[in-house]
Amino acid sequence: MLTVIRRIFIIQTFIFITAEKIFHSRDHSDVLNNIHQAELITDTDTAQRFLSKYGFIKAAGSEESQLSESSGDLDFSLSLDLHEGGTTSGSSSSDLQFVSALRDFQRLSDLPVTGVFDDATKAAMNKPRCGVMDDDQELKDVTGSNSTRNHIRTSTNTSHNHEHQAPVRKKRHLSALLKNTSLQKRDVSKWTGHMAFSKSVLKWRLIGEGYSSQLSIQEQKYIFRLAFRMWSEISPLQFIEDLHSPLENIDIRLGFGTGRHLGCSQRFDGAGREFAHAWFLGDIHFDDDEHFTVPNTGSGISLLKVAVHEIGHVLGLPHIYRPGSIMQPSYLPQDAGFEIDWMDRKSIQRLYGVCTGRFSTVFDWIRKEQTPYGEVVVRFNTYFMRDGLYWLYENRNNRTRYGDPVAVQVGWHGLPSGGVDAYVHVWNRKTDAVYFFKGMQYWRYDSENDHVFSHAPDGRLYPRLISEDFPGVSGPLDTAYYDRRDAHIYFFKGSQVFRFDVRMRRLASSSPQEMTEVFPAIVSGDHPVRSLDAAYFSYTHNTVFLLKGSLFWRVLSGKERRRRAFLPMNGLLAHRRVHEQWFDICDVHSSSLRTTRRR
């Protein structure tokens, strides 16, 4: 009998020991079979649940709007969706409500509006999408009401002729909504719009208990840094990863989870549909059942694109039903080079304002390039510099290059890391020389090899004193530019202008002169007078711009003066704001300067 018992024990022990599951693949591909799959939308019942979940069907007597605006002590991070009980008015009313909601969904999804649950509608509902409820205002818009969305849809998506309008800052601080400071966040699934952070530097953290099981921690953090940087490049917001402050002091917390996760009131539904959701002014959660991938991966869901979308929600943006918008609710596969488009930029700037700031130097860099066919062409690009950073401005697109700013020492080899005071390109039939000025010194730049010259033609080393080679001029300068029309360099210092004749290598006989004399104001009293930040001859506009602070003055062109001969030579037109002419030249936090998109 004892022997039999021992045999049974051995068999049971063997069964227990061999029940351990073995994983063989380093890429965890053998785990995918255990991932929970989201419920498919297959019939009118599942379609009705979908429409209810995302706000197309409202529960009878629902008190959602009152809850979302409450100033009481409800803990929104822990509460369930609460609805006041009510009575139904019968199946016919329910059917009509379903058809109406279905038609709304079809309109917003650019489907034929039939009110019928057809295959196209089914496919649209089964697409991966954000878990944030669709904005009430968006749903009202489909019935024809006047709103912001109508403005967005009718506005042109080309950027060339846009004049920036003053931002409408409709802000309400959450301290007025929630008494408990640790609960100062809102669920964007009940987004009501026109609310924003009241500060411009925001802290974020990928929480330790919320790492993804599919990507390395380094990959996750790189993607989130890049996603935050993309919003920073188009708004006055700056983001910094904070690993040390108490968690309640972190503005935006990110994490991955499945099903019931991270103490959240919402459940994830598994792979295949809802990939993430966000809480206004607070948290972003990603469904770790989804197959998230790094940029430049052909399959799966781009974590970068999803992160940019969800950060948009946290910052205050609702879903936007417009082709090209990063805020569309459904995931649309895009190429690896997707960016935040013009209208999404304007949407975030309506909440936070536009980027402003003074520049130390602005110039067009001209150089010769050889085409693949062996032809030599002359090209130029516009650059803005300040505080040791530079932006390349794409005039044809009216925006900065994606991924800017960049540190000066990275892109302009050999220049002072803090930037420069002035740029001059002497370009005529006999001379093609680029100079940068800083303090009392100047450097000559080799545009062909993209670095400063180490030696002058006479063998002396660069940098050299400005006064040595530009007699009558000494640093530090405010700014300078070369005017091809009269072959003079215009040096600006205080209220004076020094005109330097490059052919004769000396100052013009009338120099120095007062800036108000050389560049008279067309509108009386409208003049920078002294201490310019930058003077810049633009080959795009074929004229000179003078910049000071947040303002600029355009110098009357020769063509304009020929049409209106009564106007003074070099007259300054009425000032305008820099951000009205050159859009989205925005700073990023110093910690994200090296975060660039990998190719």
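In case you wondered, yes, glycine gets a Cβ from its N, Cα and C as well.
Quantities reported herein were computed from a predicted structural model and do not represent experimental measurements.
Comparing Asn180, Asn398 with the features listed in Swiss-Prot, the residue bearing the annotation N-linked glycosylation site is Asn398.
Checking the candidates His291, His319 against Swiss-Prot: the one annotated together with Cys130, His309, His313 at the Zn(2+) site is His319.
Candidates considered were Cys264, Cys586; Swiss-Prot assigns the disulfide partner of Cys355 as Cys586. For Asn398 (N-linked glycosylation site), the Cβ neighbour count at a 10 Å cut-off comes to 17, with all displayed protein chains included. Broken down with DSSP, the repeat 'Hemopexin 3' (474-522) shows 4 helix, 22 strand, 23 coil. In this model, the repeat 'Hemopexin 2' (417-473) carries an average pLDDT of 93.
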